[in-house]
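See structure below.
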Amino acid sequence: MTDLLVAGGQVLRPDMTVERADVLVDQDSGDIVAVDDPGELAGEDTLDASDGLVIPGLVNAHTHVAMTLLRGYADDKPLDAWLQEDIWPVEAELTAEDVRVGAELGLVEMIRSGTTALSDMYFHVDEIAAAVEDAGLRAVLGHTAVTVAKDDEGARADMQESLDTALELDGAADGRIRTTFQPHSLTTVGEEYLREFVPEAVEAGLPIHLHANETTDEVEPIVDEHGMWPLEYADDVGLMGDDTFLAHCVHVDETEIDLLAETGTGAVHCPASNMKLASGMAPVQKMLDAGVTVGLGTDGAASNNDLDMFDELRDAAMVGKLAADDASAVPAGAAVEMATANGADLLGFDSGRVAAGANADLAVLDLEAVHLTPAHDLVSHLAYAAGGSDVRHTVCDGEVLMRDREVTVFEAAAVRERAGEHAAALVDRATE
Ligand SMILES: N[C@@H](CCSC[C@H]1O[C@@H](n2cnc3c(=O)[nH]cnc32)[C@H](O)[C@@H]1O)C(=O)O
Ligand SMILES: [Zn+2]
């Protein structure tokens, strides 16, 4: 066994307690072998966690990683206008190579900020998969299908591509890549296509990922047209179930929260995107109280504008309180669980916990920072005070992707430079 000892630090355990311990990783299997008292374990290679906190690698459960190329391109607009006036016209010009470069930029950003797993929705998915494979991260990928503004043939082809991509790509990168079937949302995919393709996806055993109830503009047309709440409609077309997770769930009423809980459907909260597009405040504490599994996502970098899950942790805890009008809502530990164990659960990975048998997906934070002093409560620090730039090492599947803040899997400066060039050329093409 080739092994790695993460030694000398404190460790966040699955029950949200923190203890001094070392973590032994089997790099061949990619699993955590043991978590034990300091000095009890030995390994061939050592990762220094002294003055540090070992946490599960963070799980970004909803993103569009290649959208890093559009970071800062169009700000300060609501969802519908932002997508239609700015984002979609530029995305129409995106080449496969652009998507590859944008994905690499986003993945470097994730590694640097301690994220080890992501769930992505986009297109040119082979490029994203290749980038994920090179990055050494874990991902749930898929081709996102949109049918509005397409003829029947184009719409069906897009839905079919979503199915085919999910079936073909599943298990890639030695099993680090899993897939989902991805209708874009309940309003951007026509009912006839949902009725035709969702049962096929379910029959094929594919998990499903879509946007739902993000803005009131998405709720009202469904209520008008179908006479039911959007998630009742989603249930009617077969979308709800314990293999489905819905990004956003901002405007969900009590009936829909109960439906999420009863069907085991997951929700991915994207607080920064929801604030930036003024979409609204998701009732996160209500969903948690009802027993819904709620994960956390950044959404794309064009509506965030970064992929740092520590920002998301803080935003989730903050806006959760505002939404509930209760300072005790979404406490620090709940936010950290959303960004770790809950997200891993939604993505179907045995990650998100530092414990023997789990995937060795870890981040080590430097605690020697002014803004992390004193250390009354490290879980509080994770939610309210830490940032992605506090991450010293990142490990996924037992491999060290960043050591002492140096990303080992990519030439970060070259990725940055290429991304800048591709982004500039893309915007030139789209606006000429
Ligand atoms: N545009 C492609 C496929 C869509 S990929 C996923 C899409 O989700 C878009 N997106 C990003 N953030 C959000 C969001 O918050 N809500 C809805 N869509 C979003 C993103 O710009 C991208 O176009 C087509 O028409 O076939
Ligand atoms: Zn999204």
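The backbone N, Cα and C atoms fix where each Cβ goes, glycine too.
What TrEMBL says about a protein is an automatic prediction, not a curated fact.
Among the candidates His143, His211, His381, the one that TrEMBL lists alongside His62, His64, Asp299 as binding Zn(2+) is His211.
Between the binding-site residues Glu91, Glu214, Asp299, the minimum number of other C-beta atoms within 10 Å of a residue's C-beta occurs at Glu91. Ligand 2 lies under 6 Å from the Cβ of none of the binding-site residues Glu91, His184, Glu214. Least packed by the Cβ count within 10 Å, out of the binding-site residues His62, His64, His184, His211, is His184. Taking the Cα atom of each, His184 (substrate binding site) and His211 (Zn(2+) binding site) are about 6 angstrom apart.
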